[in-house]
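Heads up: the structure comes next, in structure tokens.
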Amino acid sequence: MAVEIPKVAYAGKIKEIPLGREGNTITVGGESCYPFHLFEGAMPHPPKIAMEVYDRAPEDWPDTALEPFADVAGDPAAWARKCIDTYGAEMIALQLASTDPNAENIPADEAAAITKKVSDAVDVPLIVFGTSNVDKDTEVLKAVCEACEGKNLIIGPLSEGNYRAIGATAIGYKHTVMASTPIDINLAKQLNILLGNLNVPDDKIIIDPTTGALGYGLEYCYSVMERIRMAALVQEDERLQFPILANLAKEVWKIKEVKLSETEAPLLGDQKKRGILMEAMTAQCVLLAGADILVMRHPEAINLVKESIQDLMIRGEG
Amino acid sequence: MSKIICSAAIRGAHKIVGTAEAKCEAALKKWGPVQELGFPNTTYYLPIIYGILGIPVKTLGDAKGVLDKCKELLPAQVSDNVWLPYLAPALEAGMATFFAEEIVEAIRYLEEPNCYTQGENPLPDNIWLGAADDVIMRKRGVEFVDGTAPGFAAILGAAPTSEIAAKIAIELQEKNLYVFMCADHEGKTMSEQLVEAGVQIGWPTRLVSFGPSYTATVFAMGFATRAAMSFGGVKPGDFAANLHYNKDRIFAFAMPLGTVIDEWYANAAGAINWGFPTIADTPIPEILPTGICTYEHVVSNIPHDQIVARAIEVRGLKVTISKVDIPMSYGPAFEGERIRKDDLYFECGGGRTLGVELTVSKDMSEVEDGKIEMVGPDLDQIKEGAKLPFAMLIEVAGRQMQPDFEPILERQVHHLVNYVQGIMHIGQRNIMWIRVGKAAVEKGLLLKHLGKVMHAKYHQDFGNIIDKVQIKIYTDEERVKEILEMAKKVYRQRDKRVEGMTDETEETYYSCTLCQSFAPSHVCIITPERTGMCGAYNWLDCKVSFEINPTGPNQPIEKGECIDPAMGQWKGITDFVFKASRQKIEQVSAYSLMNFPMTACGCFECVATILPMCNGIMVVSRDFMGMTPCGMKFTTLAGMVGGGNQTPGFLGVSKHYICSRKFLIAEGGLKRVVWLPKMLKEEIAERIKPICEEMGIPNFPEMIADDTIGTTEEEILPFLEEKGHPALTMDPLM
Amino acid sequence: MGLSGIEIFKKLPKTNCGKCGVPTCLAFAMKLATGKAELDACPDLSEDVKEELGEASAPPVRTVVIGTGERAVKLGGETVLFRHEKRFENPPAFTLLLSDKMDEAEISAKLTKFKDTTYERVGIVLQPAMVAVKGECKDTSGFMALVENVCNNTDAGLVLMNEDVDALSRAVKSCSNRKPLIYAATRKNAETLGNLAKELSCPLAVKGNSLEELAEISEKLIKMGLKDLVLDSGARTAGKSMEDQIIIRRSALMKKFKPFGFPTIVFPCEMTDNPMKEAMIACQMIVKYGSIIILSEMKGHSIFPLLLASMNIFTDPQRPMAVEQKIYEIGATDENSPVLITGNFSLTYFIVSGEVDASHVPSYLLIKDTEGLSVLTAWAAGKFGADTIAPFVKKCGIEEKVKHRKLVIPGYLATISGELEEELPDWQILIGPREASHLPAYLKQWNA
Ligand code: SF4
Ligand code: SF4
Ligand code: SF4
């Protein structure tokens, strides 16, 4: 019996954004269908995973997450290299956690120097995160832009409070920006409009609609991403046709359920595998909602997600 | 453009192009056409020529080619007896001037390689910095884009004294502007005057000594031209985009100090192309009507102590104030503070003394920004426990300001004053009430500081519509009475205006999509007679909100052709809602409950629904917890009709809308209402009075059943029948 | 969906007799329209009206129930493609696969694990829903014994799987009172199993080797009068499953294509040998439309995240989840520990408690019932104002637990601090940070 496949008429397409320095770029975006709906559209660039690197030795990570990086924690450049050489990272995401005014509060130029070192040590695209402190991020990311001229970093988060200052600097030094908004499709769109008004070129914008961990608000983020994708692809919302980034690792690895040992919580099973699956499943969900770049931590979780992406990219028979 | 200026500019341009030609010829003889030519360390060649014409000048030969073009551009001299259409030729002459000057400066680099320092700071033996290289350009350019430096003042010539020069420079610095200096007036330059006065110059202090000659103006203009290319994505040669970018984003102006010679006129005319007006201290002819520049083109004869303020006004520059400068902490965390009797130092208003707050708009010339006037004793002159009459009159001016915005600005006084630690503010208009705590007075808080608060916050929060704010605070009985009388008059006018505003009188309605985060397809359509269903946004609020945040949730909608006046359907509204609901809602009525009612989001003030047996409509408000005759409580109703869906027979409404003449007129309006919770009925009784009278049923409120009559249709029907409620004999609801 | 409440109302008796459990016909009509009531609840409908409304108000994906009693599993009933459009109705049933090829020890270990696996979160019990018993051996006695064993050991729903139709029939008959899902009708045996399912009124799975074949068998069974079907498109790779699941759901919703108007069954357990990967595929199925998800094992580290994911995806986006109103003690609290208060929106609770936990400052977290609304919304709706917070603080018992009288309120609620101090004269009201992420820093400098 013939089954007529009800197809969606896509009117829009996600912009293709080249990341990384010239000659060595990775492109994200370009979708002309919902995530992995390959029977009715194309996903020319499968989603990519950026591996997290911290600017200092992490203090509050469970051992299960720290173990793969124990030998390089504290040396961000070496850490980044290890991610690439040992774990095959396609991108690096540097978290400048110690710039947090509530933590070490290291000055902007120090953070810029660290970033420069990392960026010199790697040739893959580099994402650089501040700490979501509007004022401090402005200082830090401006300094980072200057120090890493020509590397086309992806810098963020840019929020309504600091998009002008950081955005302007990013234009000047030709970096890509990450527009962050708190789980709201209209705010996401508005910030993209503002960035456009500032003259940030369209091929230099990535959106970060905020990601929550499994069990900790993931559903809100999931739906906002899904709605952004729908608006972009079928509802002519040109200012939402940008690739989506999900900064998920740091959300997942701070929750209670990845920190409890099996002895403390026997029903929750093996602590290491649990953490890996919590991270990998959070990633799996946002992938299916439309994320193009996943910021992840544990190498084994990353492998699972990579396989998942591969599997979903095959329209195989049976 | 004034004929005098026009002919002077064209004369000047001819001279400058002539000079450039002569220099170029000489240089060609000396070095030949393949000799490299350009400003140091830049990839933008000679930036104005590159940006406007798209020609990369790399050699002397290239320069020659450009000069030939200049000559084509140059209009004929204006003769006394021929009257030419004057603006365009003068502007073209200005362009030619800049091209020629760039070539003159480039040749200077060739002739005297050390004429400029090529760095950020002046050297002991050479204060002239010359063209900004790419490193400086990018670092400083960022500040122009992100707004930390809104623009620059290009100063030609010199002030009468070094003191005046320093004063002007510092004033400009305070407004975060860059000061680009060039040219001399009777042998003096502003740069030298600043050095004399001990003011530090150089890029880091934003006082940039470009060069001693008027031709150095091109360094300023070149800077602006490059900014458009590197930050605006403007392609070389796309002159229209480049000039627009500058007009819209770089708040620059020329400020000639001293006698304006022909060459200066030529430069000023050139700058007008970029949208940069000229503000002069000498009595040159003015060009006031706006056209290319945002406002006036040339304003003249401005005294030195006013010249900066005037320049800022003419260029339409916004004042930014980052901090509220008072001796107390300030912020939303203090909004809820109470000042109790024991802590009380001073109070006013609140029925204890006369008290009034008023915000009015004035003409630009009538308001002096930042001026705070205090008449009568302040907190440091009174004893603990004192009470005084109080009036605060806030006068604002702005080119985007409209009298309609006054009440909304005035309404902000409440929370803005409340944000001050140690102050409690309640109410508004002439029922306002302020209490000040002892601790605040100990720390030195004065009533005058409220003026500072309002000045800073109005600029911060309403910068888009306000350019100037001045505040007058009175504690003197006589003056307070005067203000009070004036205020009452204003209030009356405002109330009248709001009453007189109908859906018919306005062509533009507003959307609100704030609730889409909960209810993906929800769009409130807000008309003068229908507020948002949450009750928090009326038409004027939306209008202001749009002015302040043009990309925000409140967008203006041209209502367009009327499809059905009774239903309240318009073409423009329908199209907008279709798009804003992301294609979910295909038709919407502003005035109907049954046919394509507005979507509901979830936190509407009230819900209206039908009571089939009574052939009427009931409305229940959020604060009524009990059962209602439709068989559902408010919470149940809210759960069923929220989420951005269109649910015929159910509609979220604000209390204000119930009292509107447009309330559900498709179903017969207020007359259909058969049940309300008693407290809601009492709350709106006064407000619906005039409508009841117009309906010819002045005692209509008595006919509406409420929860004391019954909470089922069976219970209320006999009541309605007894009262002869009109709904019973109206057309069937469905 | 289809009909609006008003349209349904027009067809109702309009007597407001209340027999349906709500006071008026209008209220009942609204419940029908929003899928919150069954037509049968009104006893006074004529057959014509019933048919007309039944047709119009039946969800495009039929609700199928497997099992009985408390552990009956409801599947399907879906009305939307994306959860934000309304909500997903019935979360997937995670189902443990047991085979007659496994030895006794393995079976009993797996079964015990299955039974032990249950979690509570925001008052909701999360647990795997069913056991699938698969017969793979020639000798059917093992299969029968296993079915019996499982029946005796758990009340959970059952899926009975066997390619041997006779064995399957016998097994189904042996426990038909448990309403197991019969797996599966194929082109070959559709008629036999169709009749069996009909006779025993058990739900029946349909397996095709392609969507076309699936549609064909499904249609045939519908014609035979079967109502409760579950669909297996035969896809056994992640990519193909994704595609099939989407097409099935879309056909049902957008085309009202009856043969696909049923819940589905999927087999991550047959798609990989790696249990971690299996869990990932299962996660995909939660998001994209799997109804019964068959797993080869139920280890805490995989089933817990899966249950969380399904809870997340299946929460009603328009009705916030709420936690219980009470004092939550975080860490080793004592009489000097800080006291914080916030609303009972589950996300608020999780995030705030997480940050307090991370601060390592033992604290009391007072959670006040705000009907699941977030702090600001609750305040705006009058559910988190001084007048309601004060009585709660007085009554909840915190005054016995701490010596000090300092209460930290959310930074966004600074406006109520004054009022609250008036209502709680013994307490000093402190304004906490606006963002939960600033709580650790805030708490570290807190002193009683
Ligand atoms: S209910 Fe109020 S806030 Fe929400 S969309 Fe309508 S006007 Fe805006
Ligand atoms: S109406 Fe509802 S959805 Fe809209 S702002 Fe209020 S609470 Fe939020
Ligand atoms: S039982 Fe039927 S007739 Fe009675 S109130 Fe309910 S819907 Fe109306």
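For all residues, glycine too, the Cβ spot is worked out from N, Cα and C.
Secondary structure of the domain '4Fe-4S' (C:1-59) per DSSP, as helix, strand and coil residue counts: 30 helix, 0 strand, 29 coil. The domain '4Fe-4S' annotation in TrEMBL covers C:1-59.
Look at TrEMBL and you will find C:Cys17, C:Cys20, C:Cys25, C:Cys42 tagged as [4Fe-4S] cluster binding site. Long-range Cβ contacts of C:Cys42 ([4Fe-4S] cluster binding site) within its own chain (separation 6+, distance under 8 Å): C:Leu12, C:Pro13, C:Lys19, C:Cys20, C:Cys25, C:Phe28.
Counted within 10 Å of its Cβ, the other Cβ atoms near C:Leu373 (5-methoxybenzimidazolylcob(I)amide binding site) come to 22, all protein chains included. C:Leu373 (5-methoxybenzimidazolylcob(I)amide binding site) falls outside any helix or strand according to DSSP and counts as coil. According to TrEMBL, the feature 5-methoxybenzimidazolylcob(I)amide binding site maps to C:Thr342, C:Thr348, C:Gly372, C:Leu373, C:Ser374, C:Val375, C:Ala436.
The average per-residue pLDDT of the prediction over the domain '4Fe-4S' (C:1-59) is 86, rounded to a whole number. C:Ser374 (5-methoxybenzimidazolylcob(I)amide binding site) and C:Cys17 ([4Fe-4S] cluster binding site) have their C-alpha atoms 38 Å apart, to the nearest angstrom. Neighbours of C:Val375 (5-methoxybenzimidazolylcob(I)amide binding site), defined as other CB atoms within 10 A of its CB across all chains, total 22.
Put simply, C:Gly372 (5-methoxybenzimidazolylcob(I)amide binding site) is 33 Å from C:Cys17 ([4Fe-4S] cluster binding site) when counted between their Cα atoms. Following the DSSP three-state reduction, the secondary structure of C:Thr348 (5-methoxybenzimidazolylcob(I)amide binding site) is helix. Of all Cβ atoms in the protein chains displayed, 25 besides its own lie within 10 Å of the Cβ of C:Thr342 (5-methoxybenzimidazolylcob(I)amide binding site). Burial estimate for the binding-site residues (C:Thr348, C:Ser374): highest at C:Thr348, by number of other CB atoms within 10 Å.
Among the binding-site residues listed (C:Cys20, C:Cys42, C:Thr342), C:Cys20, C:Cys42 have a CB atom closer than 6 Å to some atom of ligand 3, in sequence order. What surrounds the [4Fe-4S] cluster site, by Cβ distance within 8 Å of the Cβ centroid and not counting C:Cys17, C:Cys20, C:Cys25, C:Cys42, is the set C:Leu12, C:Pro13, C:Thr15, C:Asn16, C:Gly18, C:Lys19, C:Val22, C:Thr24, C:Phe28, C:Ala41, C:Pro43, C:Asp44 from the same chain. Non-local contacts of C:Ala436 (5-methoxybenzimidazolylcob(I)amide binding site) by the CB criterion (under 8 A, 6+ apart in sequence, same chain) comprise C:Ile351, C:Val352, C:Gly354, C:Glu355. Taking all protein chains in view, 25 other C-beta atoms sit within 10 angstroms of the C-beta of C:Cys25 ([4Fe-4S] cluster binding site). Under the three-state DSSP scheme, C:Thr342 (5-methoxybenzimidazolylcob(I)amide binding site) falls in the strand class.
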